[in-house]
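The annotation ATP binding site is assigned in Swiss-Prot to Gly35, Glu36, Asn37, Gly38, Ala39, Gly40, Lys41, Ser42. Annotated domain 'ABC transporter 1' per Swiss-Prot: 3-239, in sequence order, evidence recorded as sequence analysis. What Swiss-Prot lists as domain 'ABC transporter 2' is 246-493, and the listing cites sequence analysis.
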Amino acid sequence: MQIEMKDIHKTFGKNQVLSGVSFQLMPGEVHALMGENGAGKSTLMNILTGLHKADKGQISINGNETYFSNPKEAEQHGIAFIHQELNIWPEMTVLENLFIGKEISSKLGVLQTRKMKALAKEQFDKLSVSLSLDQEAGECSVGQQQMIEIAKALMTNAEVIIMDEPTAALTEREISKLFEVITALKKNGVSIVYISHRMEEIFAICDRITIMRDGKTVDTTNISETDFDEVVKKMVGRELTERYPKRTPSLGDKVFEVKNASVKGSFEDVSFYVRSGEIVGVSGLMGAGRTEMMRALFGVDRLDTGEIWIAGKKTAIKNPQEAVKKGLGFITENRKDEGLLLDTSIRENIALPNLSSFSPKGLIDHKREAEFVDLLIKRLTIKTASPETHARHLSGGNQQKVVIAKWIGIGPKVLILDEPTRGVDVGAKREIYTLMNELTERGVAIIMVSSELPEILGMSDRIIVVHEGRISGEIHAREATQERIMTLATGGR
């Protein structure tokens, strides 16, 4: 299938989202669509699949002018969109998820389960996926759920699959599996639109790249004819001199220490510390127990055994409220479900953990609150028309900045960052890194969990590696390599 989008314009209210965007997709190619958060990538694909209607512009499919009125119609014509938030019903079986709304029944209305299972198995075999059709989809890993979505798309005879941040929550093994599947689909003439911020993946799997900036097409080129620096420059409109801004660490005393901490079934006998002004990176494969550790240290989950020491004093943290009072902040990996109130304003999200600062006598001083929020919006360069904009309407990078702003506002001594730049574009990433460095200069201790090895290597002073719920090693940043980290993460020595 060949797709041509020409001079596409789209406005939401007063906000011009797309201004004359053009995009072309050839049969059997993997085409990267890149741009900073808010550049208009998802809006463009939503117009293609009929979720939104363009104000102006032309869409041609195989040379014929074509417009879809809704995503289901696009799917019926062979175009499937796999969103970053997967469309999976966790309490239903794998089979039920595959055939939801497309069940096969006899003339008497009896479900033909055997026939559906045969068709499902046929698709899974094509994808080399081994998965029980009777298990609940919620029991599957994110990588397996993604394969369910791909199989679902292929069962509608999809010729084009749009993938939005497909590897954001995948393990290294699942990413390799996804790339194998994409390569096989490509050989069968299926085209892939690959929306991602992960530059390494773009250069590994894609044939061409279209770069967008501020709702416009900047360039379309063959991957073989460009490089990392050129793509970044076109995305952000300027050169980023360094991917990871340099800093000279000034390390103080231990401000946070964990001794022999365990939570049954999650992690065991964990001990580590972080000093003021230090960034400790926590690396490991997905499922190793890193997030579970951070949740327990912040009081979200209860420790079974172990001790927590803050500024040299043994303390107990029974819940997040106690953690905040004792100077801890926690930026969760799941910003949409746990980090933000999506249908609440930016102002309310940022002010929420800081309400006591604006209400010394029980009444909120709205002037002080507004000044505080405006200061943080400017400081973190959160792109918004108003502090009253609901968090739901922000791009991924700006949502993450709101989460960071609300925790910076409490003035933490120790800040836990769990996947701080997941789903964030390269420009916003660098802004977050710069902010982390500024916080350490003020003496804040940072614990950073990340699945991106370049980020771990580029930002950490020390690196703790977790394997199957235990700390398998600790490396100073000067001695760390990707190979050494991966060896420890997979149980090697």
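Every residue gets a Cβ built from N, Cα and C, even glycine.
Its Cβ taken as reference, Gly40 (ATP binding site) is surrounded by 26 other Cβ atoms within 10 Å in the chains shown. Under DSSP, Lys41 (ATP binding site) is assigned to a helix (H, G or I) in the three-state scheme. Other residues of the chain with a Cβ within 8 Å of the Cβ centroid of Gly35, Glu36, Asn37, Gly38, Ala39, Gly40, Lys41, Ser42, the ATP site, are Met212, Ser395, Asp425. For the recorded site, Glu36 (ATP binding site), the DSSP three-state label reads coil. Close to Gly35 (ATP binding site) in the fold, though at least 6 residues off in sequence, lie Lys41, Ile211, Met212, Arg213, Val218, Met235, Asp425, each with a CB less than 8 Å from its CB. Within the same chain, the residues at least 6 positions away from Asn37 (ATP binding site) whose Cβ sits under 8 Å from its Cβ are Ser395, Gly396, Gly397, Asn398, Val424, Asp425, Ala428, listed in sequence order. Less than 8 angstroms from the CB of Ala39 (ATP binding site) sit Met212, Arg213, Asp214, Gly215, Met235, Asp425, each of them six or more residues away in the same chain. In sequence order, Arg213, Met235, Val236, Ser395, Gly397, Asp425, Val426, Gly427, Ala428 constitute the residues six or more apart from Glu36 (ATP binding site) in its chain with CB-CB distances below 8 Å. All protein chains included, Lys41 (ATP binding site) registers 26 other Cβ atoms within 10 Å of its own Cβ. In the shown protein chains, 24 other C-beta atoms lie within 10 A of the C-beta of Ser42 (ATP binding site).
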